[in-house]
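Features of the protein shown, as given by TrEMBL:
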DOMAIN    A:461-574  domain 'STAS'
TRANSMEM  A:33-54  transmembrane segment
TRANSMEM  A:107-129  transmembrane segment
TRANSMEM  A:141-159  transmembrane segment
TRANSMEM  A:179-204  transmembrane segment
TRANSMEM  A:224-244  transmembrane segment
TRANSMEM  A:277-301  transmembrane segment
TRANSMEM  A:313-331  transmembrane segment
TRANSMEM  A:351-371  transmembrane segment
TRANSMEM  A:376-395  transmembrane segment
TRANSMEM  A:407-433  transmembrane segment
Number of protein chains: 2
Amino acid sequence: MPHASSAMKTVRRYLPILEWGRSYDGQTFSSDLMAAMIVTIMLIPQSLAYALLAGLPAEMGLYASILPLVAYAIFGTSRALAVGPVAVVSLMTAAAVGAIAEAGTMGYATAAITLAFLSGLMLLALGLLRLGFLANFLSHPVIAGFITASGILIATSQLKHILGVPAHGEALPDLLISLLTHIGQTNPYTLAIGLAALAFLFWVRKGLKPLLLRTGLRPRMAELLARAGPVAAVAVSILLTWGLGLEAKGVAIVGAVPQGLPPFSLPSLDPGLLRELLVPALLISIIGFVESVSVARTLAAKRRQRIVPDQELIGLGASNVAAAFSGGYPVTGGFARSVVNFDAGAETPAAGAFTALGILIAALVLTPLLYFLPNAVLAATIIVAVLSLVDLSILKRAWSYSHVDFAAVAATILLTLVFGVEIGVSAGVALSVGLHLYKTSRPHVAEVGLVPGTQHFRNIRRHDVETHPSLLTIRIDESLYFANAAFLQDLVMDRVVCDQPIRHVVLMCSAVNEIDLSALETLEEINHRLGEMDIRLHLSEVKGPVMDRLKRSHFLDQLTGEVFLAQYDAFRRLTGPQGPARIDPVAAGA
Amino acid sequence: MPHASSAMKTVRRYLPILEWGRSYDGQTFSSDLMAAMIVTIMLIPQSLAYALLAGLPAEMGLYASILPLVAYAIFGTSRALAVGPVAVVSLMTAAAVGAIAEAGTMGYATAAITLAFLSGLMLLALGLLRLGFLANFLSHPVIAGFITASGILIATSQLKHILGVPAHGEALPDLLISLLTHIGQTNPYTLAIGLAALAFLFWVRKGLKPLLLRTGLRPRMAELLARAGPVAAVAVSILLTWGLGLEAKGVAIVGAVPQGLPPFSLPSLDPGLLRELLVPALLISIIGFVESVSVARTLAAKRRQRIVPDQELIGLGASNVAAAFSGGYPVTGGFARSVVNFDAGAETPAAGAFTALGILIAALVLTPLLYFLPNAVLAATIIVAVLSLVDLSILKRAWSYSHVDFAAVAATILLTLVFGVEIGVSAGVALSVGLHLYKTSRPHVAEVGLVPGTQHFRNIRRHDVETHPSLLTIRIDESLYFANAAFLQDLVMDRVVCDQPIRHVVLMCSAVNEIDLSALETLEEINHRLGEMDIRLHLSEVKGPVMDRLKRSHFLDQLTGEVFLAQYDAFRRLTGPQGPARIDPVAAGA
């Protein structure tokens, strides 16, 4: 039954769980469970903190770490990706939703849920239509610049919690002005807790692991204990705040976090809201996908496994839809968390489902304990986590490699800092695409001649080569398409207008991988104009697929000259021993 | 004084009139004057008609044909371009201004003047910044589709004047519904005049010239007389309308056209209006520039002259600014008009200035005679002129050449017809760029082997070639950049994960014209991952400029394999007679 088996293949493609689930055994189970426990410990403070960053109640961070993880376990292809709330997407959520509703209101939470829903639908649609390639339009410099600038923005936005002052603003200038305006109202207790937590967490990150190693602990255990540092900070700060009654002294705390299962929630279907969230949802989808797929790709390669980008879109889409229906907000695969999951031995996506179970238990049992957790400690967790995202060395690397790439990084960083995440990333994409088109619209073009004694042709400006006054040979080092067609036309026409003895123009197409319709029409125009000037146009070294396509047009019938397989043949024929081949006036279309 | 001469050179670049003005003589003067007279006769009815199309008073068409032409004569580089109101730009003006103000109001005219001003400033800025290449992002299929759809829209929009009914709408569905709703109110006198004018103008276009030739007239004279057809239609219809008192029978007429010099006008500086006109002004600027520069390029080539696209931007920018200050509206170089100017013997831009003088005389003297001119006759002039723009054969040509190009044309035509000019052309540009990126994001890649007995390498799927189980050679037929970097990575990793004996991967870069920073980082990642799998990465046939850039990064230090000048060297070395070269496990960065 080939029909049934092809249907089965389709089902398997969309449900990777059927593939890895079949060989699931006790050994894999215990590996996954171990990894899940460690990721859970890491995720509890992170999920609370990122919800705070997104301007949402802490419990929404927990909810976003339950059902979405189960959905990814069913539909995702990466064996190690740990899905949940992440810093950059939380910041983008705050920016998108903050433009629509006041933080802390019901409308704000509904907008965040709706954003997750829209983003989920978009990811699913992109996956089903196999449009994962769209994410490739974000160039590395733009992503690097965007992540760095987001890290700076996030860290700055959390300073208000460390100082215990109100402050707001989506971009750096607003944030700084707002912070400076309120700095006189700094709460000393909050500041003390915040700075202590920051110092402790930085030390945990840099100093704890070497210390543990010196006590004889195994490296892997030391690494994992160091990852649990934030949990220790959370526990100690809760005890201190409760014991010293710091709430009464103005230290902002998380407060009552509802205890229980994630609620059933529904996205809003208000057309106005949906329209306003459309662009932010698209940007969040793409940024989330790009971040997620790049860590998934890296981890898969380490074990000679593979991921399927289009199926990853479906996995992340399902996660976000699940988030929307269970009181969560936009999620994606987190970098640090996935690396921990991988290092802790996760072998299948089931580890994610077990993590979800761990967070569920936390939501059912631990939430009353979080009442006295100071916001300043969560802010410190975020700051320490995001400062690892800030990497200004990309500026130096880009500068030394290519000024065009440097322009893209610098502009993305600057625009993100000054105008916020949405304008920053949109401008970055536009700039990447624009600069790429600009580069290819002025392709490298060389006038070439014969290297004496060989059949090779080289740039006449770089090499001592043979040429002939009646023959102009131009090698184009780029595919010919709409953006560079006019450039070629101007170049050829300028050259023949200035140099009267030319009777033959050969376009050497060895590096031309494509000729689109615009370029074809331009070649027809060049052929026609040269014909009017009594000059023949020839092509040489045209690639197979390009030639196949040219044969489908009328260009080759109109061509005043010939198509030569090798440039050497063209040179020999057109500058034969009897001197420049005279041609009759060509009336080609004139 | 090198300083003074370089300053002089700059002045000359920006003022082409200094170049051609020096050799101006009596012979050139008489040629230019002759051409100007003929263009004037053609331009008078056109300028009135296009103002009507733009929803503006008829005299604004005349005003747009005076100072703008003088400005272009000073700053433009084309010797034959005839500037003034044109059909497509008039339609775009109507679409842009119609969204803001009611036709016939003072606000409407002010908005049109402001649009010319903004468009002029943009063109000037693009020219001074040398951004003329931006126009290249409009691919030929998109322009062809847009012009064709605009022609259909314009012709349809003029049917209301032929029928003598009110109708409005920016896109085809609205227009048709509006026409059908009012068709019962058709004025029989208007319809009779309109149909008669249409029939006469079509006959003039097709039948008059052969007739005149048969009477023994010289071909050039016959051609020019045929071009004066619309003037005859205008004159006869004025006499008939006046003589038969058709105004009283409901035939819409042009009415009182002010007599005199173009007025001094000022664009509005209202920030709200300027913001609303920003995008339309940009689209008008680009479409106008593209249309204009393509006809200028064609005509220049016919006489072995050249145009300077960036200076053309300045010429057109100056024209539009001049239009804004003299009661005009957006102008550009017209196709048919420029061809007539060229054929009539115009030798320098002075012909344009003489045409301006002709129109000025018309504005001073002829306007009272236009009172009884029926709008239906102007509409007929427009319909006959724009139907020559409609060329649906582009659909067939695009389909047979490339389905991607076909998609761009079809979508542009459809979107322009259904949603109007602004959405149509924006979507067309986005689609061209998107499809181009899509194509290059999945480049042609071939696994190659050695053609026995030669040093050539060919696709293993197309040719019978030698390969070696430990060696994978991939030839990439595209530059490596952000949009296709991930594609390459997935391809290489999938290939080596599935094929265990591979020990060497060679990327053959003979068609790689550029490697951007994203692609470089991807190559580093591939190198690193392959290293972890004990596989070496090599490059072969890297072009000079690409190699220069790679040397500026650390990639070559990290590369686990070598860079071979020729693919044959790589093949020989890596599959030497002693069998596959064993390599030591490579710790490269692992």
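Cβ from N, Cα, C; glycine included.
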Ask   = Honestly, do the transmembrane segment (A:224-244) and the transmembrane segment (A:407-433) touch, with at least three Cβ pairs under 8 Å and pairs 6 or more apart in sequence?
value = no
Request  = Name the range, of those listed as A:107-129, A:141-159, A:277-301, A:351-371, A:376-395, that has the largest tally of Cβ pairs under 8 Å with the transmembrane segment (A:313-331).
outcome  = A:107-129
Ask   = Taking every residue in the domain 'STAS' (A:461-574), what is their average pLDDT?
value = 89
Ask   = Most CB pairs under 8 Å with the transmembrane segment (A:376-395): which of A:107-129, A:141-159, A:179-204, A:407-433?
value = A:141-159
Ask   = By Cβ distance under 8 Å, which residues at least 6 away from the ends of the transmembrane segment (A:107-129) in the same chain are close to it?
value = 54-57, 60, 64, 93, 96-98, 100-101, 265-268, 273-274, 277-278, 280-282, 284-285, 288-289, 310-314, 316-325, 327-331
Query = Of the residues in the domain 'STAS' (A:461-574), how many are helix, strand and coil by DSSP?
reply = 53 helix, 22 strand, 39 coil
Inquiry  = Can you work out which residues elsewhere in the same chain, 6+ from the ends of the transmembrane segment (A:33-54), have a Cβ less than 8 Å from its Cβ atoms?
reply    = 60-62, 64-65, 82, 84-87, 90-91, 93-94, 97, 112, 154, 157-158, 161, 224, 227-228, 230-231, 233-234, 254, 329, 334, 337, 340-342, 344-346, 351-355, 357-359, 362, 366, 370, 373, 375, 378-379, 381-382, 385
Key: Sequence-remote partners of the transmembrane segment (A:407-433) [C-beta within less than 8 Å, at least six residues beyond its ends]   = 88, 91-92, 95-96, 137-139, 141-142, 144-146, 148-150, 152-153, 170-173, 279-280, 283, 287, 394-395, 398
Query = List, by number or range, the same-chain residues at least 6 past the transmembrane segment (A:351-371) whose CB is under 8 A from its CB atoms?
reply = 31-33, 35-37, 39-40, 43-44, 47-48, 58-59, 62-63, 65-67, 69-70, 72-73, 76, 80-83, 238, 253-262, 341
